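Take a look at the structure set out below.
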Amino acid sequence: MRILLLLLQNILVFCQFLQTIKVGLMFSKDTASVIRSVGYRTSAAAVLVAKDRIRAEHLLDQYDFNFTIKFDECSESLAAGKVVELLTHDNVDVIIGPTCNRAGVAVASLADFYNVPVFQWGLTTTADIGNFSRYQTTVTLSLDTHSISLAVREILRQYGWSEFVFIYSNDGDEEKCAAMKDDMEKMGIENSDVTMAYMIQIQTVTMESLQRTLLEVSKRGRIIIACFASGRGFKKAFIASTVLAGMSTEEYLYVFAEPQSRGFYVDEADGKVHYSWDDTDGQLVTGLTNEQIRDAYGKVLYICDNMGEPTTITTQYTNFTSQVISRMAEQPFNCVQDCSNQSYKHAATYAGQLADSFYAYAFALNKSLTQDPTRSNLKNGSFVLSNIGMTFQGVGGEAVTLDESGSRIVQVYMFAMNSSLLPYMAASLLVNVSEVVFTPFYKSESELWSVRPLSRPKCGFTGLECPADFVKEYLVYTIIAAFIVILALLAGCAGLLYTMHMKRKEMERQDLLWQVAFVELQQVQSKSRAEASMHSFASGPSTSTKMTVESRTETTNFIFYHYHQEVVAAKKHDLLVLFDANQKSEFRQMRNFDNDNLNKFIGLCLDGPQLLSLWRFCSRGSLSDVISKSSMQMDSFFMFSLIRDISNGLYFIHSSFLKCHGQLTSRCCLIDDRWQIKISGFGLKSVRTFENPKKEDLLWASPEYLRNEDQERLPEGDIYSFGIICAEILTRSSAFDLENRKEKPDVIIYQVKKGGHNPTRPSLDTGETVVINPALLHLVRDCWTERPSERPSIEQVRSHLNGMKDGRKTNLMDHVFNMLETYASTLEEEVSDRTKELTEEKKKSDVLLYRMLPRMVADKLKLGQTVEPETFEQVTIFFSDVVQFTTLAGKCTPLQVVTLLNDLYTIFDGIIEQNDVYKVETIGDGYLCVSGLPHRNGNDHIRHIARMSLGFLSSLEFFRVQHLPAERINLRIGINCGSVVAGVVGLTMPRYCLFGDAVNTASRMESNGKPGQIHVTAEANRMLTQVVGGFRTESRGEVIIKGKGVMETFWLLGEESGYTAPSKAAPKVIQHRQSIRSISPILEKNAEGSETSSLSVDQAGDNNSETV
C-alpha cells in the first residue's frame, strides 16, 4: 500500500509539471464530395491513435496535448478565418490540416506569416503547398500532383514516348484536376524530350462531350493522359467513349494519372471496393455492357499510390481503421449520436495520413526540443521544421520518409491489366524531389501490351503522312500549290489593305469620341449667385451633404457644362496646341480608362473660345475642400478608406502607359456621391508642358522636382505627393497646415527645396480623438523621404495597406451613413431604441400567445373581439399517455423528469409541425391533439392524426432516456372522430377548450388501449378505410367502455406503404409499482351517464394512466 501511494504521488507530481501543446485540427465535416476520403467523423480519432504511439515511444514525455477543432469545409475563405482564430484566439502551437487544396494554400500562407508549423494531409495535392521555398513552415504527407507529373515523365521516357495529350475536367472536383493540369503543363514545358502536344478541358462530362473530345484528340496524339473527378462514374464513361469512338485499339494507350485515386477500384459507402467498370456512381448511359467496358480497360494504365490496390492493405492498417471509428466517442470529439449513422462505420481513405502527420510533428518537435528545450520553440515553425528530415513506419506499415526540406519521398505505382483482365501492380516509381527510380515488376512488356503503342504513328495521326507516289502526285500538287500561293498572296494583300483601312477608320472613330464639339456643351445655369473664390472645380460650400451642380457655373479654372445629359467639368487651358499622332493616341487610351478610383476623362473641346479638357463632375468636391470645410468627423476607417482609394487609383496610373501622374494634389482627388476618391488631372502632358504650375500646387511637389522643374516627372514624385495627401487626411488639415503656420507657402516651398538632414515636412499629430495604426504613420514618413530611391513603390504601398486591414468588409458608403446616423439627434436615437424594444417585446408576446392559443383566436383577442364558440361537425381527437410513467418517474429526480418530457415532447412537436394538427394540451405525460380545427380541412383531419400517431410510435424506436439508457418509452394512443364545440374559456388565463362526447370517447380509447398500439373507434376506422383510404386496420372486437357500454373498436396498423405499428405483443415496459391518478382542470361528468365532456388542460384517464 505504501509503494502504491508513493507511485500515485509521483504520478501527480509528474502531471503537475506537464506542459501543454495546443494542437489545432482542421477538418471538413459536411462537404459531401470529401466525406469518404477525409471526413471528420471517420478520420479525426486518428490523432488519438498517433498520440498513443507517441506515448509508447516516449516522445515528448514532458508534454501533454490539447486539441482544438475547426471545420473549414474545404472553403478558402472559411479556412482563412478559422486559422486566424486558431492562431490569435486559441494560440495553438501547431495546425494539423486542412485537407483540401484551396483551404490548404490559405492556411499555409497565414501560418508562414505567423511562423507556426502546419502539417497537411488528405486531399492537399497541389504542388504549391509542397513548395518549401514559398511556405517554409508547412509539411504535407499527401501525394501531390508534382510527384505524379514526375512519375508520368519517367514512364514516358521509359517507353520512348516523346509527346502526349492531356484531357481533364473540373466537373465534380474543381481542385484535383486543375492542380494536375498545371503540373502536367509545367512538366511538358520544362522537359525538352517530352512534349504536351495538346491539352483540352471538358467543361461538362457527358457521353457526347467525351466522344467529341476523343475524336478531336485522335488527330493530335496516341498517348492520352486523363484526369477526372472520382466517384462520379466519369472514368468508366470515358473508357466507354473510347469504344464508341473506335479508339480502344492497340494504337492507343490511356493513362489515368492523378492523386486521390484508387486505381482500377472504386470506393463504396460501406467501406468496400469494386472494379471501375462496375461503378454505378453518377452512371452515364453508355449503351455498353460492363464486360465490353472491362475489355477496353486493357488499354489503360493507372499511376497512383498503394491505395490503388486493395490487396496492399495490411492487417495493421485494418486494426488502425477500427480504432479510428471506435474512438470517435472519446475526448475531445465525443461524437456518439452524430457518428452513429451507418455511413460513418468505416474509416476515411486518408485517415492514416492524419495519424502519420501528427506523429511526424511529434518526432520533429521532440528532436528540436532535445536541442533547445525552451518553451518558445514549441510554435517556432522554422525551428521545428529544421529537424523534419526523418524516416518512420506509417500506420499502414509502409516507410514514410521526409527530406530536410519537408518534402515526402513518395512511392508511386503503375497498375495495369493482366492477360486475365484483372488489375495488378506492374511497376513502382520512387519519386525523390526531381529524381525518379523506375522498377518494373513484369518480366516482359508483352504482359502490358502485344505491341507497344507509338506516341506518333508512322503515317501521322491522320494517316496521310506516309510518302505517296511522287510521279503521280507531283503535277497535281504543283498546280494546286501554285494556285493556293497566288490566292494566298492576293488574299494577303487584300487583307492587309483592308486591315489598314479599318484601322484608320477605327482611329478616326475613336478620335471623334474624345473630340467634343463646343455646340454639344450646354453651360449649367445657376439658381443663385455664383460662388466666389472657388480655387478648384471640386470645391464647394459644404461637403457634409451632396452639392447641387447649379451652385457650380464657372470658376477661374473651370466651367461646368451639360454633355449628353451628364454634368462635366471643363478645365480651361490658355493655349492652342496642334496634336500629333502620339498625343492623339494618348487621348484615345485615356478615354478608355475605366477604374473605380480614376475620374473619367471625357475628352477635349478644340473648337471653342479656348482649349477645354472635359472631366466627369464629382458632386462632393475635392478632398482638400472636404478636409478644410467639412463639419463631419473622420474616424480611422474613413481615413484608411480614402488613403486606400488614392493608392488604388495611383497604382492604375503607374501601371498604365502614363507611368505617373506628375501633379498629384489633394485638389486632384475628387469625391463622388458614394464617398469614393476619384483621381483627376492625369495625362495631358503635351498641354501641361506649356502651363506654369501654381505656387500653392508646389506644396505637394517633391524636393527633386523643386530643385529642377525641367526634369521629367517620375513615379517617385507621385509617392512623395501621396505622402503629403495622407498627412492631410490623418491630421484633418491642409497641406503643411498653412492656416496655423506663420510661414507663407513660398517659405515652406523654399525649405522643402533646401532639404538637409532634417527636411521640412508636414506634422503627423493626429490628435487623441482618432486612433491611427502606427504602421500607417511609418509608411507616410517613408513616402516623403528625401531620396527618391528610398521611397516605396506604389505596389509596396498597396501591400502595406492591405496588411493593415482590420478584417472589416464594410462599404465606405455604408460607413459614412453609419457616421451620419451616429451624429443624429439623441432624441431620434432614443425613440428608435424604444421602438425596437417595443417591437421585440411585442414579437415575444405574440410568439408566446400563439403557442397558447390558435393564431386566429389570439388575433381576435388582441383586437378586443369576442371569440364565439364554434361547432365543428367533423374533427379527429387524439389522446396519448406514457405507459408506466409513474414507475419511470420514481427512478428519476424532478429535474430529470422535466428533461425526459422536454426531450420527448420536442420530438413530438416536430412531428406535429409536419401535419395539419393543433396541439391542445400537454399535462405531465398526457398529450391531447386535434385536427380539423380551428381551420377546417375537409376529411384530411383523420389522415393527419393517423400519420402523426404512426410518427409518434416510429420516433420511440430511436428515443433514449439520457440518464436511463436501458429504459424504453412506450405510448398508449386513442383516436376518435366526431363533432365538437370549441371556444375560449376564462379571462385571466383564457384557454381554448374542446367540448363534446367525441372528446370523452377518444379519452376512453386511450385509457382502454394497449401499450404500443393505436386504438380507434368504429367511426375513425370508417374514415380511415372508406373515406380517405390508404391505411390498414384490424378489428379488436367488442370492448366494454366505461360510460359507453359495448363498442366495437379497431387497431390502426399503418399505411399501405410506410410505417407499420408494432405487433400487439408490446415491448417490455417498466414494471408498474404504483398507480397515481391525477385529473387536472378537466370537466368530466359522471362516467356512467355523461354525454358531454370538456377538456382544457389534461385528459380524462383511467386507472392505468399516470401523470406526474
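Any Cβ shown, glycine's included, is placed from N, Cα and C.
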Among Asn366, Asn1103, residue with annotation N-linked glycosylation site (source: Swiss-Prot): Asn366
Residue carrying N-linked glycosylation site as stated in Swiss-Prot, selected out of Asn131, Asn418: Asn131
Fewest-neighbour residue among glycosylation sites, criterion Cβ within 10 Å, set Asn319, Asn366: Asn319
Those glycosylation sites listed as Asn66, Asn131, Asn341, Asn380, and which of them has the most Cβ atoms within 10 Å of its own Cβ: Asn380
Spatial separation of Asn366 (N-linked glycosylation site) from Asn380 (N-linked glycosylation site) - C-alpha basis, Å: 13
Where Asn66 (N-linked glycosylation site) sits in the secondary structure, as DSSP reduces it to three classes: strand
Residue from Asn319, Asn366, Ala491, Leu497 whose C-alpha is spatially nearest that of Asn66 (N-linked glycosylation site), among the recorded positions: Asn366
Of the glycosylation sites listed as Asn131, Asn319, Asn341, the one whose CA lies nearest the CA of Leu497 (ATP binding site): Asn131
Spatial separation of Asn366 (N-linked glycosylation site) from Gly495 (ATP binding site) - C-alpha basis, Å: 73
DSSP-assigned states of the domain 'Guanylate cyclase' (876-1006) in counts, ordered helix, strand, coil: 53 helix, 39 strand, 39 coil
Nearest of the recorded positions (Asn131, Ala491, Cys493) to Asn319 (N-linked glycosylation site), judged by Cα-Cα distance: Asn131
Average pLDDT across the topological domain 'Extracellular' (16-474), rounded to a whole number: 87
Closest of Asn131, Asn341, Asn366 to Leu489 (ATP binding site), Cα positions, glycosylation sites only: Asn131
Max CA-CA distance, Å, over listed ATP-binding residues Leu489, Leu490, Ala491, Gly492, Cys493, Ala494, Gly495, Leu496, Leu497, Lys571: 51
